[in-house]
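Step one of this worksheet: look at the structure below.
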Amino acid sequence: MTNARTSPPRAMRATRQRAAISALLDRLEDFRSAQEIHEELRRNGEGIGLTTVYRTLQALADSGEIDMLRTSSGEAVYRRCESADHHHHLVCRRCGAAAEIEGPAVETWAQRVADEHGFTDLSHTVEIFGLCRACSPPVSA
């Protein structure tokens, strides 16, 4: 996947707020909304505004430092992923648990469809939502 940008991303200033948000993201395993991140920061004693959290998360996502995806309800959620390489996610609709996955079949399909229609310089995101093992109802025999 490539990101088409017309100008390089601006360098982010190193601020106390950015450091607090980044440190929290380092500790979180699942995707969280800006509101959830803001609430956690406040519980940890950080005096930081929700607007600052939104702006910082967007800047971190724009720079590629964190991943952002939209839930099935359209809400933006964020997390720092283990892989900096192109990948996709399986996300639990109930608890928010997420797994990073590679999708070579998706990559092949996207390239084939683009070639068929004369498209170049591709980018895409694929997020798969469902219920994780812990949230799924037991399967009866």
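Just so it is clear, glycine is given a Cβ too, placed from its N, Cα and C backbone atoms.
Database features, via TrEMBL:
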type: BINDING; residues: His86, Glu107, His124; note: Fe cation binding site
type: BINDING; residues: Cys92, Cys95, Cys132, Cys135; note: Zn(2+) binding site
(request) Among the binding-site residues His86, His124, point out the residue whose Cβ has the most other Cβ atoms within 10 Å, with all shown protein chains included in the count. (result) His124
(request) May I ask for the distance between His86 (Fe cation binding site) and Cys92 (Zn(2+) binding site), taken between their Cα atoms and rounded to an integer number of Å? (result) 20
(request) Taking only the Cα atoms, work out how far Cys92 (Zn(2+) binding site) lies from Glu107 (Fe cation binding site), in Å, as a whole number. (result) 23
(message) So if I draw a 10 Å sphere around the Cβ of Cys92 (Zn(2+) binding site), how many other Cβ atoms end up inside it?
(response) 19
(request) Determine the most Cβ-crowded residue among the binding-site residues Cys95, Cys132, Cys135, using a 10 Å radius around each Cβ and all protein chains in the structure. (result) Cys132
(message) Suppose the Zn(2+) site is Cys92, Cys95, Cys132, Cys135. Which further residues of the same chain have a Cβ inside 8 angstroms of that site's Cβ centroid?
(response) Arg93, Arg94, Gly96, Ala97, Leu131, Arg133, Ala134, Ser136
(message) Give me the CA-CA distance between Cys95 (Zn(2+) binding site) and Glu107 (Fe cation binding site), in Å, as a whole number.
(response) 28
(request) May I ask for the distance between His124 (Fe cation binding site) and Cys132 (Zn(2+) binding site), taken between their Cα atoms and rounded to an integer number of Å? (result) 24
